[in-house]
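Trainee: One structure follows; several queries about it will come next.
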Amino acid sequence: MNDSAHIDYARYDHIRPLLWTGDALELLDQRKLPFVVEHVRCDTSDAVAEAIHSLAVRGAPAIGIAAGWGVALAARDIAADDGNAALQKLEPALLRLNAARPTAVNLAWALMRMRRVLGAAGADWRAVIAREAQAIADEDLAANRHMGALGAALIAPGSGVLTHCNTGSLATAGFGTALGVIRAGMAQQRIAKVFAGETRPWLQGARLTVWELQQDGIDATLIADSAASHLMKSGLVQWVIVGADRICANGDTANKIGTYQLAIAARHHGVKFMVVAPSSTVDMATASGDQIEIEQRDPGELFGVGGVRTVADGIHAWNPVFDVTPGDLIDAIVTERGVIAQPDQARMQAAFGN
């Protein structure tokens with residue numbers, strides 16, 4: 001029953017946030033959804049970096065894919081006889097792309113992958129870049145579909161689930177990570193009810209996740225972030241399913257701010273907690289969450305909703321974008337390599353140590 005053949009991808013996988021046209025990267029502008037469906041055209045690597053920083057494109061896998069195409073765009077501005085010479089000239093552009101969002105490891109991973117293939121490329125280095133960028137996108141989509149099947153298999157039929165932020169097609173090459181599990185679970189009739197937290201301050205849950213599910217014909221119920229513990233106490237959800245921006249060697253997981261408190265509440269109420277992310281999100285070089293740089297964004301993002309100020313002048317705000325959930329609060333980490341139950345350093349090493 002967990003076979004991906006049971007999933008109608010024509011229904012559950014038709015949204016695409018990135019489109020490479022051959023001469024530019026078209027990004028579905030996620031700052032304007034759900035009311036305006038508009039694309040941002042990026043024809044330089046710096047335009048891609050700005051789109052990543054400004055959240056026109058967001059989600060750890062999606063920004064890694066965007067960065068790959070950003071390298072392809074940067075390559076147009078230089079001349080080099082081989083990949084190694086090109087890499088030296090491209091390094092400033094790669095550094096600017098990497099600085100756009102510091103917490104998500106997929107961004108650095110994608111750029112390191114581009115460096116590796118460039119360093120070994122000959123005179124055809126431009127074609128090598130384009131092939132590698134496309135491969136990053138193709139592999140992400142395949143991984144998401146596989147993770148969807150693996151994660152759905154953990155869910156008992158009739159379950160309710162709660163998700164946080166946006167981890168669907170908009171955050172990936174397609175189908176999604178945590179939302180991919182939910183899509184697969186709905187397709188297999190394992191999930192009876194979906195709840196989504198609004199995810200302040202950017203409202204990714206309210207603006208993006210419930211919109212995505214609506215496009216698929218999936219009935220989702222939006223809740224205020226502050227209602228999550230009460231929802232768990234009610235018995236309406238059996239799983240919290242989230243994505244990740246970085247998973248450490250001991251299972252500690254950085255994800256959208258608010259994830260940590262969901263994990264604490266889930267453990268208290270006997271609700272299972274699942275993290276879904278491709279292996280590119282796993283950072284075995286980072287021993288624990290204490291070593292993760294947590295991105296801080298403009299405090300002004302907390303001062304209003306939808307462009308309307310709701311806070312008095314002169315108020316200070318603290319606006320971390322991510323938090324770290326300890327591995328011992330996570331029941332399962334799902335990647336395309338398999339399921340790591342009760343993740344700890346030994347289990348993570350066994351799965352990803354090579």
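Every residue number used here counts from 1 along the chain in the order it is shown.
Any Cβ shown, glycine's included, is placed from N, Cα and C.
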Trainee: Of the residues Gln188, Gln189, Gln204, only one is listed by Swiss-Prot in the substrate site with Arg58, Gly59, Ala60, Arg101, Asn255, Lys256. Which is it?
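Mentor: Among Gln188, Gln189, Gln204, only Gln204 appears alongside Arg58, Gly59, Ala60, Arg101, Asn255, Lys256 as substrate-binding in Swiss-Prot.
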Trainee: Does Lys256 (substrate binding site) have same-chain partners at least 6 apart in sequence with Cβ under 8 Å from its own Cβ, and which are they?
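Mentor: Residues satisfying the criterion: His164, Cys165, Thr199, Gln204, Val242, Gly243, Asp245, Val321, Phe322, Asp323.
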